[in-house]
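Quick look at what TrEMBL annotates:
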| type | residues | note |
| --- | --- | --- |
| COMPBIAS | 336-346 | compositional bias 'Basic and acidic residues' |
| REGION | 323-346 | region 'Disordered' |
| TRANSMEM | 20-37 | transmembrane segment |
| TRANSMEM | 64-82 | transmembrane segment |
| TRANSMEM | 89-110 | transmembrane segment |
| TRANSMEM | 116-136 | transmembrane segment |
| TRANSMEM | 157-178 | transmembrane segment |
| TRANSMEM | 184-207 | transmembrane segment |
| TRANSMEM | 219-241 | transmembrane segment |
| TRANSMEM | 253-274 | transmembrane segment |
Amino acid sequence: MASSSASSWREGMSSDNIKGLCLALSSSFFIGASFIVKKKGLKKAGASGLRAGSGGYSYLYEPLWWVGMITMIVGEIANFAAYAFAPAILVTPLGALSIIISAALAHIILRERLHIFGILGCVLCVVGSTTIVLHAPQEREIESVTEVWDLAMEPAFLLYAALVITATFILIFHFIPLYGQTHIMVYIGVCSLVGSLTVMSVKALGIAIKLTLSGMNQLIFPQTWAFTLVVTACVLTQMNYLNKALDTFNTAVVSPIYYVMFTTFTIVASVIMFKDWDRQSPTQVITEICGFVTILSGTFLLHKTKDMADGLQTSPSIRLAKHSEEDGFDGGEGIPLRRQESMRST
């Protein structure tokens with residue numbers, strides 16, 4: 001019985017989906033572990049020199065920090081490769097697993113207590129991820145980067161891209177000057193909207209590289225270089241405003257909101273461009289949505305309880321100080337949402 005169910009599961013997933021799944025899982029492991037290794041390196045460097053939060057760069061001479069940085073780069077490369085093999089609706093939500101790995105390793109290595117509700121959040125993320133993996137759509141067979149370009153040029157996706165670009169410009173030129181320092185959704189909105197276009201372009205570029213390595217040269221097509229330019233522009237924009245969000249607001253607030261919005265817009269973009277749900281039954285689509293909602297619930301629960309110990313949540317000032325230390329900052333104003341409000345009011 002068990003062997004027959006295992007064989008049916010393998011038959012249900014294409015070889016490309018399995019490769020993408022393995023790459024996405026390895027990416028989550030490397031990225032989750034990199035946070036712990038980098039933090040250990042920062043602590044070790046701060047003990048013998050000026051802390052990063054105080055403007056020091058002693059961590060650049062700490063081998064442990066570089067091990068963490070290399071580990072993160074390996075994870076990002078694996079994540080990039082995963083999009084070349086599997087649909088974004090499978091790869092993107094699995095990013096939540098890096099949060100679980102980071103929390104578990106922090107509990108074991110850094111002795112940062114994981115509350116019982118945090119463990120429940122991890123379980124929910126695993127359940128949701130498993131649900132999505134078991135019901136993920138098959139990857140579309142693509143033999144040339146020009147096919148991806150044709151998908152991007154269809155009216156539905158052009159409309160989506162136009163709406164995203166218009167909304168992004170409105171946020172950047174109108175809302176950010178007025179509300180960027182006080183409303184967290186402004187910066188994260190830009191990151192998430194642009195991020196959905198980033199993933200679609202990364203997937204196209206990944207497919208081009210995969211086909212080129214298999215003997216079908218895609219570098220001769222101008223579409224490959226067009227996608228490369230889009231990836232570069234989108235990544236620079238996305239990272240710029242994500243850094244602004246992290247510098248202005250508490251990481252514990254930014255991380256779950258960004259994950260939810262970025263993953264949601266990415267799934268919407270993938271469904272429109274690659275028509276992932278057209279090849280699935282309504283039951284499969286609903287099951288995937290339920291799995292995604294389960295992951296979101298686990299992510300919020302894990303972040304909400306990450307500072308709780310013995311059933312009591314720490315005070316806002318202690319909570320902010322903890323996250324400030326994790327981000328390389330030494331002090332905090334005692335306000336859990338905004339780091340710089342007290343500075344602006346003086």
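Each position is counted from 1, following the chain as shown.
Yeah, the Cβs are placed from backbone N, Cα and C, and that goes for glycine too.
Sequence-distant contacts of the transmembrane segment (157-178) (same chain, six or more residues past either end, CB-CB distance under 8 Å): 151, 186-187, 189-190, 193-194, 196-197, 237, 265, 268-269, 272-273. If you look at the transmembrane segment (253-274), the same-chain residues 6 or more away from its ends with a CB under 8 A from one of its CBs are 87-89, 92-93, 95-96, 99, 140, 151-152, 154, 156-157, 160, 164, 184-185, 188-189, 191-193, 195-197, 199-200, 203, 242, 245-246, 292, 296, 299-300, 303, 336-337. In this chain, the transmembrane segment (219-241) does not touch the transmembrane segment (20-37); fewer than three CB pairs sit within less than 8 A of each other, excluding pairs fewer than 6 residues apart. Using a Cβ-Cβ cut-off under 8 Å and counting only residues 6 or more beyond its ends in the same chain, the transmembrane segment (219-241) has close neighbours at 144-146, 148-149, 168, 187, 190-191, 194-195, 197-198, 201-202, 204-205, 208, 212.
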